[in-house]
Amino acid sequence: MAAADSPALAGPRGPRGAAEADADGMGLTDLPGELLELILCCDVLGAADIGRVSCTCRRLREACQPRGKVWRERFRLRWPSLLKYYSHTDGVSWLEEYKARHKAGLEAQRIVASFSKRFFSEHVPCDGFSDIETLGCPSHFFEDELMCILNMEGRKGLTWKYYAKKILYFLRQQNILKNLKEYLQRPTDRQSFLEGAVLIDQYCNPLSDICLKSVQAQVDDITDKVRKVLRMKNPRHPSLASKAGEVLIPEVELQRQVLDAMNCVLYEQLKYKGNELDYYNSLNSYIHQVLIRRTGIPISLSVLYLTIARQLGVKLEPVNFPSHFLLRWCQGKEGSTDIFDYTYIDAFGKGKQLTVKECEYLIGHHVTEEFYGVVTSKEVLQRMVGNLLNLGKRESTDQSYQLLRDSLDLYLAMYPDNVQHLMLQARLYFHLGIWPEKVLDILQHIQALDPSQHGAVGYLVQHTLEHIERRKEEVGPEVKHRSDEKHKEVCFSIGLIMKHKRYGYNCVIYGWDPACMMGHEWIRNMNVHSLPHGPHQPFYNVLVEDGSCRYAAQENLEYNSEPREIPHPDIGRYFSEFTGIHYLPNTELEIRYPEDLELTRATVQKIYGSGKE
């Protein structure tokens, strides 16, 4: 940067600095320390500038000392989000921290850049992240660089963003899983229901900004609102004391006042409610979304309800009631085993208080006493994860089954020897054709736990080994030249935004075949023979705006009159940039279709009258 290279900034040793010193009697090094620091902290100077300045003389070297304000400011300006990791800044060598972060950034860029070539044709395998796990740099430095990549200008660097997102997803989930296992090792009385719900939320949404501190702050805000209502009803209520929540309130009537105030705030003022219209939406299970949307399912609303009650000195306990999670509130002797000594609270039903008989009316049939018993925090998490598992099985649009995969990870973190869920995980990975080595590990574990599973295990082992062998036999990418005679009927090219004539969906082409390459069963099921040109016409691999991948006949596609970005999760796997009219293939896709980009550009010019890149 010019400012750092100028002799004036270098002090009186430079000719201009000497002249200025002669003219007014003062050079840069003659300035007071605070003013000199202020100049050196100017945001127009870069790290290289500061490094050069510190080499000019002792005074400037001292001003730019590694532990001083100048390098701290340089670090802050370059990576502002990292300062939260430094609770005590005294004694920190900001120069060394700057170097370490810079080195981590270069390493992150190197790894991200390598992923496209290594994993273009397959899902990133388990061991694909091994070189990241062995990095010597602090993980938060590496993550920060990944976030910088993700925050690049929206339409550029799509392939880098795609793999940066995958790496960040993996790293954060590994850390959250470690935190969950630590949580499960604690004594039961130190396992906060809210913290458990946050850990599940974080694992399923690792790229979202979710932390226990912010969730707790939102719960505290609701609790304060309850106190205000309580104060109007009973100014001397013990829940208004500064240490409320540390001691439970023994009087049932005082507890009732708290619950009434909670119902007033949650359901009347803040309009929280059970989500009856969209019950099977996964957002209902995530506590940060419950707080944002003010709606949820019985278990997520119950966690919120009992957390607020506990902070106000009222003990409520979770009840794993079938089909409808409830809380119980003791009306008799503490710790009573008589189910009739409790009132049952339906947080999904606006905090309604129920008798045992009313609980049965809620689900429409009689249940035995065991279903009214209290459950542990681990069992609450098990039910929350179980709900997500069921939602993951129902999910039809997400072809990666990410929710099912995440919820299986969580379930097996809590119950690592559950054969049923281990088998489901093995079958899922086998179905998706990913991580065959991990599939073999899971199957070996199942066989050791339950030898009676040998039939299913043997079948999956055989086919997984065949998959591994086929992968070893793969030789390089198949290259398709448009100039080949057999490709002369292919009209469209990769990167073009198309519209399906029949179904109306928007999509982008990422591959093509001169004729339908699917099997006879698929051709029959999709009724391809009813098309005028049947299977003997070019077919295109397309990424669709709804997140699906489809195989479309040429006669069913047309140029999109209003080309737009396609919000597909795999867009960056194939394309590096969206120009505003079409997509540019990344290096790996261009290797496979080396003559397509030229046609794409010519088509854009012809159809849209623009060569915009």
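Glycine residues also receive a Cβ, built from the backbone N, Cα and C atoms like all the rest.
TrEMBL entries are annotated by machine, without manual review.
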Suppose you had to name the range TrEMBL annotates as region 'Disordered'; which of 1-21, 43-63, 106-126, 190-210 would you pick? 1-21
Across the domain 'Hemimethylated DNA-binding' (489-586), what are the DSSP residue counts per state (helix, strand, coil)? 16 helix, 33 strand, 49 coil
Give the mean pLDDT for the domain 'Hemimethylated DNA-binding' (489-586) on the 0 to 100 scale. 96
